[in-house]
Each structure stands twice: as structure tokens, then as C-alpha cells.
Amino acid sequence: MWEFPRTRYADSNGSEASEETEIAVNIGGVKHILYGDVLNRYPETRLAELVNRATDSTQEDLCALCDDYDDLKREFYFDRDPEAFKCILELYYYGEIHMKRGICPMRFMREMDYWGIDAEYLDECCISSLNEVQNELAEIAEKVKTILDDLEDDARVTRGQKCQAFLWKLMEKPESSLAARVITVVSFAFILLSSVVMCVGTIPELQVEDAQGNLVEHPALESIETACIIWFTVEYILRFVSSSNQLRFVFSFMNIIDFLAIMPFYVVLILTHLGTAIMELANVQQAVQALRIMRIARIFKLARHSAGLQTLTFALKSSLKELGLLLMYMSLGIFLFSALGYTLEQSHPETMFTSIPQSFWWAIITMTTVGYGDIYPKTTLGRCNAAVSFLCGVIAIALPIHPIINNFVIVYSKQRVLETAAKHEIELMALRTKEEAQECLEAGRTASAGSSSVWDSAAVSASRSDTYIPLLGDPTNVSKGQPAHECKNN
């Protein structure tokens, strides 16, 4: 038998409290002795209502508040989690509830709802844990909804909308079909090919001379470059046309990268065909070279097809605080040690530290332990300053690295868990829908239930798994123990 320490109170006359009502409850095989004066501190809860009805209610009324009742032992039985109930009892004795480590927060919330306790009695540390789990469930629900939207076939949409949706899946969702996967692989190959061509085209041995004697890219490489640009252009146009929100599509970060990857080619093409007179201008030639350099933006297109690069981006976004600290530490060190280096090296006749801004470069390569050797101190005090600077640089870089790596591991693990949970949820919903269809067929409630698809959109959308995602339906029925599915008569 498990029991909290009993608290006694004295009345206004100084005499001890009268014997209060006590009840025996059995929670999942663990017996508890509870006292009426303690339970009535929160009269709106199930236990308080139970102790108040224990003396003057019939057995049928008492059984409505519990799973079973033994009249001989006067013991109430509840088929609930005994570990969670120990946390529930903390409310009556301490005024707040703490979830034990290892208890699912969503399951504990259902326990609190069953016992008639509001979530406001949870301690702040437990509320933060609950909010984190709710956010994860919301993300899983969003993924599930996305999958269901891909599976459903709405008869109300027009033929043009169907074609637009089909084209969007073909260009944006490689998991939707074999053709979409092929397009993704081809796009990935073109990105790598264009990057290789850009690098190979700078090798002097593979360049040719034009009419003015200037080295330019080989015509074969230019042809490959043109083919890659044509693919990127067609891909961008198709994705733009199939987008449901084209304004949002244009200003999306990854789509801006795609636009910057193809725009320099057409600008250079236009400037080239305007005539040799305008191309002779030095400013125009510099602009053309700058636009050619912008082709390196294509490498960022790989992030669209790489889950690892996307995870790295999310991890860096979640580590902005640590990156800011790193930048602040390095900035302070660079300013301090460059100023000291300039001051200490002024006494040497062949000093390389001509100014503090020029010393910034020395401080950067020293604190990052690169050490090119183009600038170095020549005095004893200057070398001591250099030794301290690279030691401080190692410490400044090492301190924020662990939180950044930890954030990456957390984000990567979370992405894997969300993907697995979403797929598992869909499988459970499909299995539940199939079982319901078989039950309805055996009961004779629906004549056409046997020919209905397991992935019928209405049935799948209405079904729920035992893990239950709040955003996919109403949580009240599940929390009260009501069945999540029913076979309905026509």
C-alpha cells in the first residue's frame, strides 16, 4: 500500500480535527488511503467528488466515477497508470504537479483530464516539456496532412487544378512517383555538371583565344553550359507555373538562389549580342566577369535535393546565439591583439605593422591558427602577444563549438524521428481503416464497404491511430476514453 504522509489540522478552539472521511483506491494494483479533508482542497476534481459521494450514494452512482467498486472492502478500483497517479496526488499535498521522468507528457495530460485537473497546476518545467512535445506532434500532424493531401482525390477541383497539382508533385516531391524521382536525379546531375564545367572552364590549357586574342571558354564547354541553363530555366518555369502561391514562390529563399543561378547567363548573352562597341567598355567587361562569378550560386541548388544540407541549415539557424557569441569573442580579440601588436612593434625599424587596421589581418590569421606568415612580429613582446592571441583564439573558437554540434545532432535526430513517426502514423491509419472496413462488411452495415479502397481519402482522414495527433481531430473524445472510430449506417 502506497500512501502520502497524512496532514492533521486543528479547529478554531484548539482541539484536534475530527475524524474525516477516508477512502481506499486501487490504482493499477497499487492501493492508496486518501482523506476527505485533503481531497476537498480541490473540490472540482474526480477524487473530491468520489469522497463526497462515498457515504450517501448507491453503488451504481459510485461505479460511474470509477472502473469497479468492492462494497465489502469499500475499495475503489481504477485501471489507470499508478506512476502517473502518484504525480497527480502531489497536487493535493503540495499544490502543484511534477511529471516524473519517463512519463509521456501527452499521456500524462490525458491522466490529468481523467482526474479532472487543469493543466495550470503543472510546474513551469513540466509545461515547457509539454509544449515541446506538442510542437513535435504539430509537426508530425503537418507531415501527415501533407501526405493525406497527396493521396486524396477531390472531385470538386477542376482539370486544370489537377494538372497543376500533378506538375507540382512532379517537380517538388520526388517521393510521390518514379517520374518525380527521375527528374530529381537528372536535376542533381545537371547541377553537378554545371559546377564542374564552371571549374574546368578556368583551366588555361582548355581555353581558346577569341578574335581579340583574349582567352575564353572552349565552345564545347559553352554548349554544355547552355544545355544546363536551358534545363534550369525550364525547371524554374514549370515550378513557377505549378505553384499555388506564385508571389510567395518568387520571394522564397531557395527560389531566389535558383533565379540568381540562371540570370547571369541571360544578362551576359544580352550584353554580348548588343555589339562589340559596348563590350569594349571596361565597366561592362567587369560587370560580365562579375556575373560569370555569380554562377557559383548554382552549388546552393544542391540544398533543394539534400536532406543533410537542409538539416545543416536548420541547425545553423538554431545556433545563431552561439555563432553570435563566437563572432563577438573573435571581434574583441582581433581588436585587442591587433592594437597591442601595432603598439609593441613600433620600436622595431623593420616593423610589418604599419597601422591598426592593417594589423587586423594578422590578428585574424593568428587567432584562427592559420598563420600564413606574410605578417609576423619581430620583437620579444610582440611574439609574446602573438602567443597569447592564438591561445585565446583556440579557446574562443572551442567554447561555442560543442553547443553548435549538439544543436545539429538534435535537429538531425528530430527530423528523422518526425519522418518516421509520420510514416508510422499513416500506416496505422491505413490499418485502422482496413479493419473498420472489414468490421462494417461483416456486420452487413455497408454493401459496398468491401470494394472501397484502403486509402479512401474520407476514411483515412477520419481515422486515428492509438498514438493520436491532436491537430488531426478533436481530442475530447479520445481523452475521455471514447472510441476513436465508428461504423456509420447509410
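For all residues, glycine too, the Cβ spot is worked out from N, Cα and C.
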Which residue range, 216-235, 276-295, 356-375, is the one TrEMBL calls transmembrane segment? 356-375
In the same chain, which residue numbers or ranges, 6 or more beyond the ends of the transmembrane segment (356-375), come under 8 angstroms Cβ to Cβ? 330, 333-335, 337-339, 341-342, 386, 389-390, 392-394, 396-397
State the residues, same chain only, that lie 6 or more residues beyond the ends of the transmembrane segment (323-344) and have a CB under 8 A from a CB inside it; answer 'none' if no residue qualifies. 316, 353, 355-356, 359-360, 362-364, 366-368, 377, 379, 381-382, 385-386, 388-389, 392-393, 396-397, 399-400, 404
